[in-house]
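These notes concern the structure reproduced below.
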Amino acid sequence: MSSIMVRTTQKVIVHVAIFILALLPLVSATENHKKKIVHECNDHKVLELSPKLSFQIILHGFLLWASMGFLMPIAMLVIRMSNKEENGRRLKMIVYAHAALQVLSVLLVAVATIMSVINFENFFDNTHQRLGLALYVAIWLPFIAGIFRPDKGSKNRGVWYAFHWLIGVTVTLLGIVNVYIGLQAYNTKTMISTSIWNWLFSVEVAVIAFIYLFQEKWHYIKQSGGILGNESVRPTDQESSPTRKKELSPSS
């Protein structure tokens, strides 16, 4: 796979993802309104939370937000810092930081999944549970791929990079979507408003998306600044060196 195709795919996925994520709060609010109407009409039983169950649900949601909604996107931003990095020591630190964030994210997802299996009813009859199960399996793929990373310059490096990037971005985006779905499911079950959390999470996603897009142009901005800086100290067309002036002066 050529680098041009990889970059084009990255840009398409990122821009589509940003558009979808920007619409999620509006969709969530609309769906919540519909759920409330259905609840009132059908006398749907609201889940009564004991203090223990409430704490378990909140902790479950916090762990999944920390892993899927924060650590994985940050790990993606961190590894992108290595694209133009030439210093070997800094490059190694970036790779280690990326790996540490990924490992911590996987561990938090594992803890949240174990909590869900032990404490909650899991019939996998809703989108949040089904997507959560799929993500729990999928999150191990970039982790395992990172362990078996081919050396630079090997013939399989390009294929490995495309797979590792694609599965990593896909898991991250679906993880963000599932956070929204989880908030909506919590609102539907308990009728407790989650609007503030939807908007706060949307702000976080928007900031991460902005940094992601900005990173793509940062190297160009630095290069442009260097070029403009060099040009600003160059002599203008009207200025000439003393030797040149002497050559152009009329002979006496």
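Even glycines carry a Cβ here, placed using N, Cα and C.
Curation plays no part in TrEMBL annotations; they are all automatic predictions.
Here TrEMBL flags 1-29 as signal peptide.
As annotated by TrEMBL, domain 'Cytochrome b561' applies to 20-222.
Marked as transmembrane segment by TrEMBL: 53-79 (among others).
The transmembrane segment annotation in TrEMBL covers 99-118 (among others). Sequence-distant contacts of the transmembrane segment (99-118) (same chain, six or more residues past either end, CB-CB distance under 8 Å): 56, 59-60, 63-64, 66-68, 71-72, 74-75, 78, 132, 135-136, 139-140, 142-143, 146.
What TrEMBL records for 130-148 (among others) is transmembrane segment. Beyond the ends of the transmembrane segment (130-148), by six or more residues, the same chain brings 64, 68, 72, 99, 102-103, 105-106, 109-110, 113, 116, 124, 160, 163-164, 167-168, 170-171, 174-175, 177-178, 181-182 to within a C-beta distance below 8 angstroms of the stretch.
Here TrEMBL flags 160-181 (among others) as transmembrane segment.
Annotated transmembrane segment per TrEMBL: 196-214 (among others), in sequence order.
Residues annotated as region 'Disordered' in TrEMBL: 230-252.
The feature compositional bias 'Basic and acidic residues' is assigned by TrEMBL to 234-252.
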